[in-house]
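According to Swiss-Prot, the features are:
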type	residues	note
DOMAIN	152-425	domain 'ABC transporter 1'
BINDING	185-192, 900-907	ATP binding site
DOMAIN	504-716	domain 'ABC transmembrane type-2 1'
TRANSMEM	521-541	transmembrane segment
TRANSMEM	554-574	transmembrane segment
TRANSMEM	609-629	transmembrane segment
TRANSMEM	640-660	transmembrane segment
TRANSMEM	664-684	transmembrane segment
TRANSMEM	694-714	transmembrane segment
TRANSMEM	753-773	transmembrane segment
REGION	808-830	region 'Disordered'
COMPBIAS	812-821	compositional bias 'Basic and acidic residues'
DOMAIN	855-1107	domain 'ABC transporter 2'
DOMAIN	1180-1394	domain 'ABC transmembrane type-2 2'
TRANSMEM	1199-1219	transmembrane segment
TRANSMEM	1239-1259	transmembrane segment
TRANSMEM	1287-1307	transmembrane segment
TRANSMEM	1314-1334	transmembrane segment
TRANSMEM	1344-1364	transmembrane segment
Amino acid sequence: MEGGEELFRVSSARLSSSNVWRNSAMDVFSRSSREADDEEALKWAALEKLPTYLRIRRGILTEEEGQSREVDITKLDLVERRNLLERLIKITDEDNEKFLLKLKERIDRVGLDLPTIEVRFEHLSVDAEARVGSRALPTVFNFTVNILEDFLNYLHILPNRKQPLPILHDVSGIIKPGRMTLLLGPPSSGKTTLLLALAGKLDKDLKVSGRVTYNGHDMNEFVAQRSSAYISQYDLHIGEMTVRETLAFSARCQGVGAKYEILAELSRREKEANIKPDPDVDIFMKAAWNEGQEANVVTDYTLKILGLEICADTIVGDEMIPGISGGQRKRLTTGEMMVGPARALFMDEISTGLDSSTTYQIVNSIRQSIHILQGTAVISLLQPAPETYDLFDDIILLSDGQIVYQGPRENVLEFFEYMGFICPERKGVADFLQEVTSRKDQEQYWARREESYKFITVREFSEAFQAFHIGRKLGDELAVPFDKSKSHPAALTTKRYGVSKKELLKACTAREYLLMKRNSFVYIFKMIQLTLMASITMTLFLRTEMHRNTTIDGAVFLGALFYALIMIMFNGFSELALSIMKLPSFYKHRDLLFFPPWAYALPTWILKIPITLVEVAIWVCMTYYVIGFEADVGRFFKQLLLLICVNQMASGLFRLMGALGRNIIVANTFGSFVLLTVLVMGGFVLSRDDVKKWWIWGYWISPMMYAQNAIAVNEFLGKSWAHVPPNSTSTETLGVSFLKSRGIFPDARWYWIGAGALIGYVFLFNFLFAVALAYLNPFGKPQAVLSEETVAERNASKRGEVIELSSLGKSSSEKGNDVRRSASSRSMSSRVGSITAADLSKRRGMILPFEPLSITFDDIRYAVDMPQEMKAQGFTEDRLELLRGVSGAFRPGVLTALMGVSGAGKTTLMDVLAGRKTGGYIDGTISISGYPKQQETFARIAGYCEQTDIHSPHVTVYESLQFSAWLRLPREVDTATRKMFIEEVMELIELIPLRDALVGLPGVNGLSTEQRKRLTVAVELVANPSIIFMDEPTSGLDARAAAIVMRTVRNTVDTGRTVVCTIHQPSIDIFDAFDELLLLKRGGEEIYVGPLGRQSSHLIKYFEGIDGVPKIKDGYNPATWMLEITSVAQEGALGNDFTELYKNSELYRRNKALIKELSVPASCSKDLYFPTKYSQSFFTQCMACFWKQHWSYWRNPPYTAVRIMFTFFIALMFGTIFWDLGSRRERQQDLLNAIGSMYIAVLFLGVQNATTVQPVIAIERTVFYRERAAGMYSAMPYAFGQVMIELPYLFLQTIIYGVIVYAMIGFEWTVAKFFWYLFFMYFTLLYFTLYGMMTVAVTPNHSIAAIISSAFYAVWNLFCGFIVPKTRMPVWWRWYYYICPISWTLYGLIASQFGDIQDRLDTNETVEQFIENFFDFKHDFVGYVALILVGISVLFLFIFAFSIKTFNFQKR
């Protein structure tokens, strides 16, 4: 049975104790108990008579008053479910185990067996392929070469140059049911790959050998993804859903597995044996194990034991929407799989961001469920505290892809003693295990003093384990195959989905409807935008201005119709972004087999139809009669129907683009390309008669062509157009002759052909959307990248050699003395603070001197305006105080820990001291070495390592440090000294092996979390600061990584700097590395400020001296103990106020005296003074910003290379579509075709540039906020660098486009005309790109920037002078024509090309006259137009720079 699968859950909510009989003062026994029992017995008897199907859907529910009634369990409401759980599990820690035992007892009583799964893996090897060294960096050059190389490899023309990268190497083992297995190993040891292999979820691109079996069955005999559950370390959720909704959706999709059958069998056997179960357990099991319920008791149970009840109805949130905390999100990821029926759980790093007590409670709940209900679990944890480690039965230790140990927890230390290594007393066993295989850390644990130490490789450990008694026993067990006949029939699932397809479609539809309600702002905004655009269009094409006398009048009407098509089509563009935003969670659910892709695709289409109806109705009702289209109700409704089809077709097309592109930049580029083809081939820009024969297929497949034909026929075959023009030579009506002149079929049936074709496209695009969802995988999978050093080191460690790594930046004599042990990105840890005295003296004499400074602060208070939500809850104060009178002193060479529970104000205090707060009210005094703190000078001598490691993604580690040092070290420091100093810092922070590694985006590519943390520290250190603040430098790291970072921090302190760290949950050895502690309690009050002492002796002595505080247990972590005894609950229980106790202590008086002493400047000292605000001159700042942007652009091929390729393809496409049209000047239509080519190119290339630059600027802006706060440069040099780097790329874009198109379209080859063509194209692309930058600079994020900019494109398009020439615009709108940038571009392009040509057209006017009469463009005005375009570019540049300088959207 999948019995209790939902019971594998977890907890953190501690509720007040009591059991069901103590829950109220009401007398439950007000009637005689016999009477109540008799009544209940009668109800049970009645229930027993029902057939099994009905019996397992009904139960006896006890009310709050103690009365019982029969209920249908599928209709329990939230309150009833909550009361039921309250009775079963009052306090999670205490009652969950009792409840599970009751459940198991009920099953055992009738002799039912629960299904169990034993997972075996034999000789499992997994290999990937990786590029090595600089070829792995994603530069524009490598990007192009790699595409060619992969293509030639595919054709077997070139050999594969990628290096094999072994991830797992010949591992074997058994995971037994009913036992908890802990998976440990340093980073990059293959933990995630092993878990994915066991869960049957390995990537298809990996080479896999060996086999994984469940109960002896191979993976192809059952559905592994549903028999087991893999819980990823990445938290991918839909931000707009609440926690409860997320879990309920998951439970609804996964179903109950075989539990329904087991429940039926249990009920049948109980009836036969005449056993009456506990009514509460009975109702819980029936409610949890019945199929197809939307609101399930399992969801409530999971929320309870995971401690998520407090945020059950809070939105999950994402980077744009505030929601639950990181720790709660992590628990939600765990809960999402636990509500399902899987019997085997593979959990990857489920404790990141959780404090140790929450982790303990969650693991303990899982353990209870695994032990009692015989589940199978493998859990990998980063930093398990000793008490959590002790919950496990078995340990698997992985290192370098090999198993070093697998077996009972009790024997693991015995194995390492057998190898000669002993775990020290004050060291967590888990931390010891992660370090003992590492080259850097192994020696300190060597216990055989009589023998000389020699590094023992992972392979040697692995071979020794085979000979160890545990290893031999494992080998013997593997030699005997699993007896398949013993496998429970319900253990392995063979059905692909958890519930029926109909039920899954209902679940997806309900969720999509919910998301549409939550995203209603987008739809309302689109309707407002459409209403606004309709108002402008109405007044521009006002019927009083619209005549029906000539074909030119027809052109204006056609312009209005074409614009309506464009507006309705582009209104669906938001679908593209909305689709891509939901893709990460979709891929997760799809791969976990929650639902088939079509069940997701169908609701996203069907539910949008009503919105389409409303949007199109708004447009048609507002514009149809006001513009003066054919006054016929039938034609009105036909236009309405047609535009509905267009909107649906466009939405389907954009969704398809999103599903094909899967990345916002690629999808935008790709989407623009398709749209361009659809529009150019639509028949308005280029008439059918002029389409080249090699492109005519494009005309016939363009949906826009069918829309254009149908909407034109609907209008021009009406009565108003049925007259013959007065001086016409033919007998054709005006409508027919106009349609013919534009290459449109003048046949009424074309309306229905067009509408039918559009409906066909609606179905086609939505079908292809579902297909793309089914078969494509997430975009940009993390690429394996190897440095040459890593390859050399891997090979050496296999042979058991020790190698020397690049000792760059050292003199030859120093290289000789300094025999470095090998270090790589994976083996970098040693005991925290393990620096020898010789090292220390060397470190203190770093190349650049600095002035040691102390910082003192007295009575610091910080408050913010009271949030509206709190005022609504009845808080009357105007301000909410977050810090209340905090005082202290931080001194050089002393490492201070800033600690407290979540919400105590640790980061707030740090931000206040560092001057990083952007709002709020600050009181109190802060002094630097006795002088009052001045923020301008302080920023020059202080470093601040933020918790979020924000760095430019496309530069290398060395370049990041170079940039920081260049801008922050004083001008006097020459280049050679600066480089030596950077090398020293890299040596200190152990970054030398990573010098050429790309930083990358967190969680996507580049550096690991721990390497990022060290880079953050190094970036601040190269500024040579005297004071460094670090916010949570070890959160999210495993024990070894945390030790590396803390050793880095300790090394920094030992150079004589003042360092302060906020820290969340330190292990014993990390806590021991600190010298002093400032402890805050919730509410921002201090409760201990002072030295820690050896092994925290001073801290322990202080707290144990307080009455009622329990003594610390031997070997217990002092940090954990201290947080437990000072918690709010503990403070209440003791009746103490720790703040008052501290303020009345001797310690407080000593601190006050120290603050007073350090607040007076030393006699020979002087206040900090710098002649300028920034270290470097304005010119140097500009050059540095330009240098960084150069590398950022060069290594960002999805932006730069794709843009150049896009331009190249567009140029070829335009050249072939408009082939030789520039030289034809017989008819007006010839000129309009050539002008159409200019119009569409300007619009598309421009909008494409503006759209793709936005995400790039948005990512760089977050880095800019950090760098500006650090005092590196002012806003102007940043804006300069950002704009200057665009110029060469724009020039390349213009040359590629200009030369190809100019030659192919056949414009006149004179130097002046060619120069003007390139000039106008260059400045047009420039102002569009600057416009994209500007919109990001004035908005908080790039989504809002995209919405705002797209609103303007629509207006610019309307007023550019192509759809409606200036001469036909009403007087009241002409002013907008003059401020529309595109109108000046078209003026320049058209007037410079055609404004001086004297050839005569078929209408007997010259080209020059036609251009002047139709557009009002004059050739001699071209020079002024050029100046206007330069002016527009300068204006946008100025707004961008001004906004970047003035607006700060980062709130702290």
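Counting begins at 1 with the first residue displayed.
Note that Cβ sites are derived from N, Cα and C of the backbone, with glycine treated the same way.
Projection of Swiss-Prot feature records onto the structure.
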residue	record	contacts (Cβ under 8 Å, 6+ apart)
G185	ATP binding site	K191, S380, L397, L398, S399, Q434
G900	ATP binding site	K906, L1079, L1080, K1081, R1082
S902	ATP binding site	S325, D355
A904	ATP binding site	L1080, K1081, R1082, G1083, G1084
Original post:
K906 (ATP binding site) has how many other Cβ neighbours within 10 Å of its own Cβ?
Top reply: 24
**OP:** Can you check how the pLDDT averages out over the domain 'ABC transporter 1' (152-425)?
**Re:** 90
Subject >> Which of 521-541, 554-574, 609-629, 640-660, 664-684 contacts the transmembrane segment (753-773) most, counting Cβ pairs under 8 Å >> reply: 640-660
Original post:
Can you find at least 3 Cβ pairs under 8 Å between the transmembrane segment (664-684) and the transmembrane segment (694-714), where each pair is 6 or more residues apart in sequence?
Top reply: yes
**OP:** Grab the same-chain neighbours of the transmembrane segment (1344-1364) for me: Cβ-Cβ under 8 Å, and only residues 6 or more beyond its ends, written as numbers and ranges.
**Re:** 525, 529, 532-533, 536-537, 540-541, 556, 559-560, 562-563, 566-567, 570, 573-574, 577, 1235-1236, 1239, 1243, 1247, 1250-1251, 1254, 1258, 1331-1332, 1335-1336, 1338, 1373, 1376-1377, 1380-1383, 1385-1387, 1415
Subject >> Candidates 521-541, 554-574, 694-714, 1239-1259; stretch with most C-beta pairs under 8 Å toward the transmembrane segment (640-660) >> reply: 554-574
Original post:
Under a criterion of three or more Cβ pairs within a distance under 8 Å and sequence separation of at least 6, are the transmembrane segment (609-629) and the transmembrane segment (521-541) in contact?
Top reply: yes
Original post:
Taking 521-541, 554-574, 1239-1259 as candidates, which has the most Cβ pairs under 8 Å with the transmembrane segment (1199-1219)?
Top reply: 1239-1259
Original post:
In the structure shown, which of the binding-site residues P187, S189, K191 has the fewest other Cβ atoms within 10 Å?
Top reply: P187
Original post:
So what's near the transmembrane segment (1239-1259) in sequence-distant terms, Cβ-Cβ under 8 Å and 6+ beyond its ends?
Top reply: 664-665, 668-669, 672, 675-676, 679-680, 685, 953, 1001, 1196, 1199, 1202-1203, 1206-1207, 1210, 1214, 1282, 1286, 1290, 1293, 1297, 1301, 1321, 1324-1325, 1327-1329, 1331-1333, 1335-1337, 1341-1342, 1345-1346, 1349, 1353, 1357, 1360, 1362, 1382, 1385-1386, 1389
